[in-house]
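Participant: Per TrEMBL, transmembrane segment is recorded for B:66-85, B:134-156, B:177-196, B:253-273, B:285-305, B:332-355, B:376-403, B:423-450, B:485-513, B:525-549.
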Amino acid sequence: MLIHFRPALILLLLFTIVTGVVYPLAITGVAQVALPAQANGSMIEQDGRIVGSSLIGQSFASPRYFHGRPSAAGQNGYDASSSSGSNLGPTSKALAERIKSDVEKAKAENGLSGPVPADLVTASGSGLDPGVSPASAHAQISRVARERSLPEADVRALVDHSIQPRLLGLIGEPRVNVLALNMALDAMK
Amino acid sequence: MTFNGWMQIALFCAIVLALARPLGGFLTRVYAGERTFLHPVLAPVERGFYLLAGVRCEAEQGWRSYAVAMLAFNLLGFLLVYGALRLQGALPLNPQGFAGVTPDLALNTAVSFVTNTNWQSYGGEATMSYGSQMWALTVQNFLSAATGMALAVALIRGFARRSAKEIGNFWTDLTRSILYVLLPLCVVLALVYVAMGVPQTLQPYVTAKTLEGADQTIALGPVASQLAIKMLGTNGGGFFNANSAHPFENPSALANLVQMVSIFAVGAALTNVFGRMVGDERQGWAILGAMGALFLAGVAMVYWAEAGANPIHAALGLDPAGGNMEGKEVRFGIALSALFAVITTAASCGAVIAMHDSFSAIGGMIPMVNMQLGEVIVGGVGAGLYGVLLFAIVAVFVAGLMVGRTPEYVGKKIEGREVKLTMLALLCSPAATLLALGVASVSPLGLAGLQESGPHGFSEMLYATTSAAANNGSAFAGLTANSPFWNVLLAAGMMIGRFALIVPMLAVAGSLAAKGKVPPSAGTFPTYGTLFVGLLGGVILIVGGLTYFPALTLGPVADAFATAAGTTY
C-alpha cells in the first residue's frame, strides 16, 4: 500500500492541476476570445439592457404575447438559477390536476374546441424550454392578433416565418423560439 | 413513432459503428505504448509525470498490486473531493458565495464522482461554486473514467497474455487514458460545444429584465469544459440541476447528437480493442452485436411507450398525438428523449435530456432494467467492457455445461476459480440494490424522501438504489435524496457497486493471465458467431433481469396497470 502512496498522491495532484485548472481555464480563455457571445450565454440586448438569453425560455403571462410551456423551475417558473422539471409521475394526481387546469385555461383564452397540443400543457425537463411546437404557436395566433388588433394573417405569417425546422430536415424537432417570436411581434407595430 | 424518429436513431447507430474500429485501433496503440500522432507533443509530458511520480512504466504489476494501486488512488481522490467541497466557502472562484457543502452531501458527492456514478443529491447551480465544479468534480470525471478504461485493459490483457504474472501497470494505463484519449478529445469537444451555445465563463450569474418586465437571474459558468468529459467519460453529472435538458447544457439537437455519440464512442471502441488484443476482431464485433441487439430492443420499447399518450391526460383534453411530453424538451421531442434515456442507462452515464420520473411506467422501467442488467450494453467507459466480459465467462460456462466440456473463451480455459469470482462480482450489485431498497422501504427516513405515493413512489426508490449500485447516476428525481439517510445509503450502494465488482474482476484477470492458451479444436465453441451473440444476450437478460423481476412488478409494472385503469395517487 505504501509504495503506491507516492505515485497516487503525485499523479492526483498533477491531474488535478491539468484537468481541473489548466484545462477549464484554457477553454475559457479560447472561448472568451473566439466565441464571446456563446461563451457568455447568448444574451440578447435591447436598448442597452439584457432582456434574456436566446437559449433560455422566460415567463409570458400577458395575452398580448405568445406563451411558452408550463415551467417547474423555481417558485414561479422559468427561474434560470433553479432549473428543474416537475418530476411528477404518470399516475400522479397532482400532475393530472395541473394538466386539467392548464387545458381549461388554454381552451378558454385561445377559444380552442379540440384537444390542446401536448407541449403547451406539459412542463419541460429543464423548466427553461425556449421553444414550443409549431402547433402550440398556431393555437395562440387568433388570441394574440385580437389583443394586438393586428390582422390574423400577418401574425400567422410571422409565426410561420419563425418556425425553426429540423437540421438538414432530419435532426431534432421543428419548434418556435417564444422569446424571439414575441420580440418580432413587438417590433411589428 | 415516426419515420423521422427512426431515421434519427439509425443515424446515431451508424456514427457509433463507424467510429468503433478507428478509435479502437488508436486505443490499442495507446495502451501498448506505441507511438501515435499525439506523441511528439504529449510523450514528454507523460515522461515528466512518471519522473515526478516515481513510476517506472516498464515495471508491470500483478493483479493484487494493480488493485491496491487503483484503490489507493481512488481513496486519495475521494479525500480531495470531500475536502474541497467542505471548504468550498473559503476557496476561490465562488462568485455566488456558496457555503461549504454539508458533511453527508459532501460524502455522497465525493463517493459519487469517484465511482463514476455522478448521482447528484444537489442542484448544481444552487450548490456548487465554479471552483468546485472544476477542481473537485471535473477532475474526478477524468480520473474515474480513466480508472474504468485502465481496468478494462487489464482484464483484456488477462485474456490476451499466456502464462504471465502481470496484467499491466495501473499508473501508465491511467495516465495514457487521460493524456492521449480523454483530454485531447475533450479540448476539441468543449470548443465545439461553446460554438453551439454552451457557456464557458467565470463571470457571475446575469440578471435580465424580461419582455414583461420581470427579473430573471440566469445561471452561467464554465459549463462546456465539464460537459465534454461528463459525456465522453460516461460520468453524467450535470453542471445544472436539469442536466442536459438545460438549454445551456444542450442547446440544440446537433449538440445533443454529439453528446449521445460521445457517451458510446469509447465504450464501443473498447470492444474492438478487445478483439484486436486477443488477435481476432470478430470476438469484439460479437460482443458489440449482443450489445446492439439489447440496445435496439430497449430503444424500441421506450420510444413506443413515450410516443403513446398517457390515457389519464388524454381524457383531460390533451392531444394524444403529441405523446408524453411532460419532462421533455420541444427541441428534442419524443424520439430523441427516448433514445437518450436508453443510451444513458445502457452506458453508465446518467446524464438526462428528459426527466425519467415523468416517463410512462414502461418508458421508465426500461432505463431501470438497463442498469439492472449491469450496464453492459456498451456500458460505462471500461466498466461496460469488463462487465460484459464477465457475462461472457458465464455464457461459455453455461454452454460448457450443456455439452459437457470444459468451457473456453478466446483460447483460455474457464475453470471453477474464474466462474466463482465472476459470480461474486456479478452478484454484488444486485445485492446492494435490493438490500438498500429493502432498508429504505421499511424506514420512515427513506419514505420521507418520496414525492409520489402508490407504485410510482416505490419506483422512485427502486430507481435510486439501482442507479447508485449500478454507478449510473440518473434518477427519478422526484425523490428528495439530499437527506443524511439517503446520502449515506446511496453512498454505500455506489461503493459496493464499484469496488466490490472490480476486485474480484481483477482477480479473474490475474487468474486468466497465468493460464496458457488452448489452441482451438473441433470441439471449441466459436465465440464470434450469431449463436454466441444470442447466448450472451440471453445470459445477460436471465442473470441480470430475473433478479429484479419481483421488485419491478411492485413498481413500474403495477404503475402501468394503474395508468391503464386511470388510477391516480
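The backbone N, Cα and C atoms fix where each Cβ goes, glycine too.
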Participant: Using Cβ atoms and a strict cutoff of less than 8 Å, what residues sit near the transmembrane segment (B:285-305) while being 6 or more residues removed from its termini?
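Facilitator: Contacts of the transmembrane segment (B:285-305) (Cβ under 8 Å, skipping residues fewer than 6 from its ends): 1, 5, 9, 13, 20, 268, 271-272, 274-275, 324, 334-335, 338-339, 341-342, 346, 359-363, 366-367, 369-370, 373, 376-379, 384-385, 388-389, 392, 527-530, 532-534, 536-537, 540-541.
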Participant: Do the transmembrane segment (B:376-403) and the transmembrane segment (B:253-273) share at least 3 Cβ pairs under 8 Å, sequence separation 6 or more?
Facilitator: yes
Participant: Please identify the stretch among B:134-156, B:253-273, B:332-355, B:423-450, B:485-513 with the greatest number of Cβ pairs below 8 Å relative to the transmembrane segment (B:525-549).
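Facilitator: Looking only at B:134-156, B:253-273, B:332-355, B:423-450, B:485-513, the most contacts with the transmembrane segment (B:525-549) come from B:423-450.
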Participant: Mind checking which residues of the chain, 6+ beyond the ends of the transmembrane segment (B:423-450), have their Cβ under 8 Å from one of its Cβ atoms?
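Facilitator: 372, 374, 390-391, 394, 457-458, 460-462, 464-466, 468-470, 478-481, 483, 485-486, 489-490, 492-493, 496-497, 500-502, 504-505, 508, 543, 547-548, 551.
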Participant: Which sequence-distant residues neighbour the transmembrane segment (B:253-273)? Criterion: at least 6 residues beyond either end, Cβ under 8 Å.
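Facilitator: Those are 11-12, 15-17, 19-21, 23-28, 31, 145, 149, 152-153, 156, 181, 185, 189, 192-193, 196-198, 227-228, 231-234, 244, 281, 284-285, 287-288, 291, 331-332, 336, 339-340, 343-344, 347, 349, 351, 353, 378-382, 384-385, 388, in sequence order.
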Participant: Could you pull out which residues elsewhere in the chain have a CB under 8 Å from any CB of the transmembrane segment (B:66-85), counting only those six or more residues past its ends?
Facilitator: 91, 100-101, 105-107, 109-111, 113-114, 128, 131-132, 135-137, 139-140, 143-144, 147, 150-151, 154, 167-171, 174, 499, 502-503, 506-507
